[in-house]
Amino acid sequence: MARTHNLGFPRIGAQRELKFALESYWKGQSTRDELKAEGARLRRRHWQDQAGLDLVPVGDFAFYDQVLDMSFTLGNLPERVQGFHGDALDNYFRVARGRSAEEHAQCCGGVAAGEMTKWFDTNYHYIVPEFTAATEFRLDASRLLEQLDEARAQGVKAKPVIVGPVTYLALGKAKDDSDRLALLPRLLPVYAELLETLAAQGVEWVQIDEPLLVTELDADWQHAFNTAYHHLKSSRVKLLLATYFGQLAENQYLAANLPVAGLHIDAINGRDDIVPLLNLLPSHKVLSLGVINGRNIWKTDLDAVLDWLEPLAERLDDRLWIAPSCSLLHVPVDLASEHTLDAGITSWLAFALQKLDELKLLATALNQGRAAVAAELAANRAAVDARRSSPRVHNPAVQAALAAVTSALGRRHSPYPVRAARQAALLKLPPYPTTTIGSFPQTAEIRQARSRYKAGELDEAGYKAAMRAEIARSVREQEALGLDVLVHGEAERNDMVEYFGEQLDGYAFSQFGWVQSYGSRCVKPPILFGDISRPRPMTVDWITYAQSLTGKPMKGMLTGPVTLLNWSFVRDDQPRSASCTQLALAIREEVLDLEKAGMRVIQIDEAALREGLPLRRSQWKDYLDWAVESFRITANGVADETQIHTHMCYSEFNDIIASIAGMDADVITIETSRSDMELLDAFDDFKYPNEIGPGVYDIHSPNIPATAHIVQLMRKAAERIPAQRLWVNPDCGLKTRQWSEVIPALTNMVAAARTLRAST
Ligand code: GLN
Ligand code: ZN
């Protein structure tokens, strides 16, 4: 008999209830008890939603982040919040969000938030555990035990979920550069105590997450796994060691032989692990297969899964468990909430609840035979077949264009030095040219006009007029500031991906397809379901209008194909690279139309290029090759005189600099202000030959940068990059700022550029 279980459930709520409860509590509009009550309500509902599974996760609920929860469970609080006398939940939020020094001058004096970073290759962000050589751990199982009690009182077949010790250490950062692994001997007794506490509560199975096992491991980390699980092996609970997001590959032997009672693997990304594991896995161990994709929103082809799963079920019998590939945290909750998606596309999708239904169906088919669920399987087959053969998915013209792609498409006519001279002659920019990254403040008026337009209260002409007025304001302000290359300000864009997705064929949008990004923040990734084409120009009218208001060059502003891909739910019926190339061909048409309309500078943002890097380094090259080629196809059809910019909002380039240079943009703007220009070391002459705009101030902060500070940063930059190749600009777009912050900040930035020019 195959058993079913789940690794984790989205906690934000189908209507984002947790988001609203958190934000209201943070604003002081509700009490802590009300927030806790909402948490309990959500847990109850989510356990009910998972009823019918043989084991249901408990402890996967977090008010902010499951890794931060684990830090509190292990008593690993950053030193700056230790000894706080207030409520524990408030202290947890202090680490999660920080407290500003100004507002808390009288009380705690403010506290810095914990650093946040991406959870493996997902768009979820966790709070990085902090260590020093002196870190001590002390068990606080209260949260887990409360939730366990609660679950039991509701009759839930509870399986507590915790982050495993090795992954926990690997996810953290040693603030004093000490060796994190040296903490393992201090950490393991606390884990042992935690397991013992759970055993004393009568818990049978504990899911211990070690996704680190799908990454390349140095010998000392491999060794840490052995040390850790041998230390924990005398525990009275059974451990299900959960790996996900990829293949175990060379870690198969290690994972199979750790002394635990069961192993979960991602059977979507790690299908190739299964056969070798069947031979490696000791015969008393449970093998849990993640057969439903926890990372995308497509219906599972149940027939196809059963075809390969049935022989395994026969062979493994009671030792086979089935589950989603990973926690369902990464998908929206319920497709039934969707009323605006058309029925055709809806019938191809499965969100968290639908995925659990699929799981139960598979279990019934395995345990009682396919005939027991013949009608459900037939319905699934019909939906899967309909998607496979739908003319909405397959567009012969796009396929033909894809087949005709050659490397010539991605090549500029002349090398950078030739282009640079031609562009300089045309643009006549001063040394240290100034520009911004694209967006200007999304004011209350802009948001209001947009929501009135969406609600049908404002007609299209009225909406356009409102947006044009905002564009005109941006242009006016930029001229007054004396910036050199202007932007239109992106007033008409709600989001840099959604805006383009809405205008491309092959994309669909859900109404409630929210996925937690961090804390109370959610994103609603567009759904790339079919061959991508651009029925008509998307930005040309807005940009030409903006250009008509000024004699300065106006930058055309686009989102690049790699970013569109990485921030969407994408097709599973073709490689990501194929979808990316289709996006590239569509955005290329827009680039060429902008050029035709007279734009001399075009920026193509690739904010998410780095995010797409595979977990395993050995796969980086393949990804970077097609990602860079997609950018090149998008950008490089223009004449030598047209200046291509790209923008990336992060600051780690060392390991990918050759690929970034390979994009061959004329100018790249990057985020550097917080790293004090040191990261420009990655961009020395040999490695990066084109122009660079290192961000000179942090747009996340309301602080106004001082002119002298900007001058000093740029002088540092000029020690690394020849001055004639430097631009002056902020770290990123300004949409989250107020005009009252933007004006003085840019005034100082322009003044800094003038100072620099005077001294060159
Ligand atoms: N052009 C975009 C903006 O300025 C870039 C945003 C980003 O890189 N995240 O808002
Ligand atoms: Zn950015």
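Cβ atoms are placed via backbone N, Cα and C, with glycine included.
For reference, TrEMBL has these:
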DOMAIN    4-315  domain 'Cobalamin-independent methionine synthase MetE N-terminal'
BINDING   Arg16, Glu17, Leu18, Lys19, Lys118, Asn123, Arg521, Cys522, Trp567, Glu611  5-methyltetrahydropteroyltri-L-glutamate binding site
DOMAIN    433-754  domain 'Cobalamin-independent methionine synthase MetE C-terminal/archaeal'
BINDING   Ile437, Gly438, Ser439, Glu490, Asp605  L-methionine binding site
BINDING   Ile437, Gly438, Ser439, Glu490, Asp605  L-homocysteine binding site
BINDING   His647, Cys649, Glu671, Cys732  Zn(2+) binding site
BINDING   His647, Cys649, Glu671, Cys732  Zn(2+) 1 binding site
ACT_SITE  His700  active site, proton donor
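In terms of Cα distance, none of the binding-site residues chosen from Arg521, Asp605, His647 sits within 10 Å of His700 (active site, proton donor). When the CA atoms are compared, the binding-site residues lying within 10 A of Ile437 (L-methionine binding site) are His647, Cys732, out of the candidates Arg16, Lys118, Arg521, His647, Cys732. For the L-methionine site, the Cβ centre of Ile437, Gly438, Ser439, Glu490, Asp605 serves as reference, and the other residues of the chain with Cβ at most 8 Å from it are Thr436, Val487, Met496, Met557, Gln603, His647, Cys732, Gly733, Lys735. For Ser439 (L-methionine binding site) paired with Cys732 (Zn(2+) binding site), the C-alpha to C-alpha distance reads 8 Å.
Shown are the recorded positions Arg16, Lys118, Arg521, His647, His700; the one with the most C-beta atoms within 10 angstroms of its own C-beta is His647. Of all the binding-site residues listed here (Gly438, Glu490, Trp567, Cys649, Glu671), the one with the fewest other CB atoms within 10 A of its own CB is Cys649. Of the recorded residues, Cys732 (Zn(2+) binding site) and Gly438 (L-methionine binding site) place their C-alpha atoms 8 Å from one another. Here the Cα atom of Lys118 (5-methyltetrahydropteroyltri-L-glutamate binding site) is found 20 Å from that of His647 (Zn(2+) binding site). In three-state terms derived from DSSP, Cys649 (Zn(2+) binding site) belongs to neither a helical nor a strand segment and is classed as coil. With a CB cut-off of under 6 A applied against ligand 2, the recorded positions Leu18, Gly438, Glu490, Cys649, His700, Cys732 are reduced to Cys649, Cys732. DSSP assigns Glu490 (L-methionine binding site) to coil, not to a helix or a strand. Model confidence over the domain 'Cobalamin-independent methionine synthase MetE C-terminal/archaeal' (433-754) is summarised by a mean pLDDT of 96. The Zn(2+) 1 site is defined by His647, Cys649, Glu671, Cys732, and by the 8 Å test on Cβ atoms against their centroid, the other residues of the chain that qualify are Ile437, Ala607, Met648, Tyr650, Thr669, Ile670, Gly695, Asp731, Gly733.
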